[in-house]
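Chemist: Once you've had a glance at the structure underneath, I'll fire off some questions.
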Amino acid sequence: MSTIRENAEDSPVNTGGDARGDSSDTSSDNILLEKLGYKPVLQRSFNQFHNFATTFAALYFIGGVRVTFSTGIAAGGNLAYWTSYIVTCVFTFITAAVIAEICSSLPLAGSIYLWAAEAGGPRFGRLFGFVVAWWSTTAWTTFCASNTQAAVNYMLSEIVVFNTDFPSDSSSVKFRAVQWILTEIMLALACIWNLLPPRYFKWIFALSSSIVVLDFLLNLIWLPIATSNTLGFRSTHDAFMTTYNGTGAPPGWNWCLSYLATAGVLIGFDASGHVAEETKNASVAAARGIFWSTVVSGIGGFVVVILFLFCVVSLISSKVYGLLDNTVTARCEYALLLWRSSAFCVSICSHPRGGWTHSNEHCVHTGTLV
């Protein structure tokens, strides 16, 4: 792996840069990278919105709350979940601000692994870059797989909703077989999207972000209506102050486990950094994309958490689709479509960029296969 510091001969760089020649954003960005000893090879075609949309769709805050809600409630109850979410947001926003500042100085497609290598200095740069590159590759690979599996779980929840004569429990071999087959099919579809020319990604960014917003608005409308027409809303005390120990752990440890659920909502905000090398005025746009997409997603996620606390009556469930008890049937249909679209965006935007850079820089073994 060739590090930036080695190529730049350990000389400090004024990241503000004084662009030579053409004063366009593209030229300024490329000159900045050349000063760092990095030769840009990707075409810059994304603007501020596209960069923001990359992380906004990848975070998919409402889908994250859906998946982690029942787990979070089991670990401490309602009180633990919403308070832990606030604490998580505060520290996540701080982390996003730090990452955004680093991205502003090193707006490269490899993003997090190159940042780690630079932070490690001449002595530990290679080691830090190697470890983080493998961590990043593994993380984004599992994100794609887990998102498609979650979409399949929502689709198979239709079995329960419509009382279909088919196994709906993971103890059934037939159910697990169907679950695995559908997950593989959806994962393959997500990978196929990567064969599209990069110019089409702009539309995918816009579509994915629009779908996240649509999902959010439909939940704000449909879920309260369904709740009021069925079992009714929970009281303020029940929604905010209820505690529960569904893990069997000691009370203090049980409460701490709720952070595992809330931390899972805002994961992947480095996505904007992965497309920084394709973004115009990347030192500013990519940094803003990382920070503001995280803030917007965190605030939106908190609204969804409060919504679920008041509307969802059947709180304790070990299944992802246990949250569908108190909603209209149509919600199951659109939830699948929205979740799948967001999973596609995660696969398209971030993982291929990171994988390409890891291979291009030879920072991981078998990089070409990655």
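Cβ atoms here come from the backbone N, Cα and C positions, even for glycine.
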Chemist: Looking at the ranges 52-76, 152-176, 252-276, which is given as transmembrane segment in TrEMBL?
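Modeler: When 52-76, 152-176, 252-276 are checked in TrEMBL, transmembrane segment belongs to 52-76.
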Chemist: Looking only at the recorded stretches 82-115, 127-148, 177-196, 290-316, which one has the largest tally of CB-CB distances under 8 Å to the transmembrane segment (52-76)?
Modeler: 290-316
Chemist: So what's near the transmembrane segment (82-115) in sequence-distant terms, Cβ-Cβ under 8 Å and 6+ beyond its ends?
Modeler: 3-4, 15, 29, 32-33, 36, 38, 42, 72, 76, 129, 132-133, 136, 240, 255, 258-259, 261-263, 265-266, 269-270, 272-279, 282-284, 286-288, 290-291, 294-295, 298-299, 301-302, 305-306, 309, 353-354, 356-358, 361, 363
